[in-house]
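Per Swiss-Prot, the feature ATP binding site maps to GLY38, PRO39, SER40, GLY41, CYS42, GLY43, LYS44, THR45. Here Swiss-Prot flags 6-236 as domain 'ABC transporter', drawing on sequence analysis.
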Amino acid sequence: METNILELRNISKQYDGKVVLKGINLNIKEGEFVTLLGPSGCGKTTTLRIIAGFEQPNSGELLFLGKDYLKTPVHKREVNTVFQNYALFPHLTVFDNIAYGLKVKRNKYDVIETEVKKFLQLVGLEGFEDKSVEQLSGGQRQRVALARALINKPRVLLLDEPMAALDVKLRKKMQAELKALQGEIGITFILVTHDQEEALTLSDRIIVMNDGAIQQVGTPAEIYNEPENLWTAQFIGDSNIISNAIFIKDNLVTIDGKKIVCVDRGFGENENQIDIIIRPEDIDIVPVGKGFFTGTVKRVNFKGVHWEIIVKCKERKYLIHSTDRVEEGDQVDISWNVEDIHVMWKEIDD
């Protein structure tokens, strides 16, 4: 995964004077699973459409294996797209939907038949050749759309929120199948989604986007555990944000007057232009006198795999995810491990 199959260089896009992409720079490696993650209107789908050739940027470059790709028409790009609604032909059978691209290219029937059977097996739909797509479930339709896209042997597969319409249980099943499929065929997948769990589950790398700009690029672990700014920290999962802490020196911060050891370095001395993030699952509830701060349990909600607990300390409330049950009104201490707090610079408004 060393070769850049796609390079976006300073890509900008406007619609009716509104800027939707603000100089996007991004390299995508061959064979990796990349997710463009962000809220509605962040520019992720526009980025995908520029890669596909459905949109042209107002400025910037798109390179495919080092060569200009903006002038390459859609049908000549080594890129295929699976859309959110799958865009299947309702009047055609499963076989004919999957075979469509090969028929357009005027492949011989025996070649088409062999390839369709191979990809039906790949997506687990053997025996479905003669079914109408209207007889299929949502998950089966998604598999047909994947097979139709992959049978043309693209170098890059673009996925525009293909699991958004599926129920939660089926979506998780399809996520596992999609990840396994990408690993088996080994081509580059680029997924667009607003679902953080989906991005964390599937991706080799995540590109977090907001307001037409890239906020952070990293592995799922880096994005979750080491957010680079407040927006990313709040968008990815639940967070406790401490905005009035002081970075005293390397490996030492002050939170609400208490000196606490951390692993972060390089923020100077007595620096207050920082935020600290602590994830709810990293906070432990311990007996009074054993932790950093004492507080009162204000709320306890059962979430299935954990309890969601609010503890009100003197200076602030903490959100905690714990498998240990406590009762509302209990007096407790809270604590965490040294590596569980993350320091980041405050965002400076333009």
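Glycine too: its Cβ is placed from the backbone N, Cα and C atoms.
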- Item | Cβ atoms near GLY43 (ATP binding site) (within 10 Å, other residues, all chains) | 23
- Item | Most crowded position, judged by CB atoms within 10 A, among SER40, THR45 as binding-site residues | THR45
- Task: Give, as a single whole number between 0 and 100, the mean pLDDT over the domain 'ABC transporter' (6-236).
- Result: 91
- Note on the structure: Neighbouring CB atoms within 10 angstroms of the CB of PRO39 (ATP binding site), all protein chains considered, total 11
- Taking the Cβ of CYS42 (ATP binding site) as the centre, count every other Cβ atom within 10 Å, in any protein chain shown. 24
- Where does GLY43 (ATP binding site) sit in the DSSP three-state scheme? coil
- Here are the binding-site residues: GLY38, GLY41. Which has the lowest count of other Cβ atoms within 10 Å? GLY41
- Note on the structure: The correct three-state DSSP answer for GLY38 (ATP binding site) is coil
- Taking the Cβ of LYS44 (ATP binding site) as the centre, how many other Cβ atoms fall within a 10 Å radius? 28
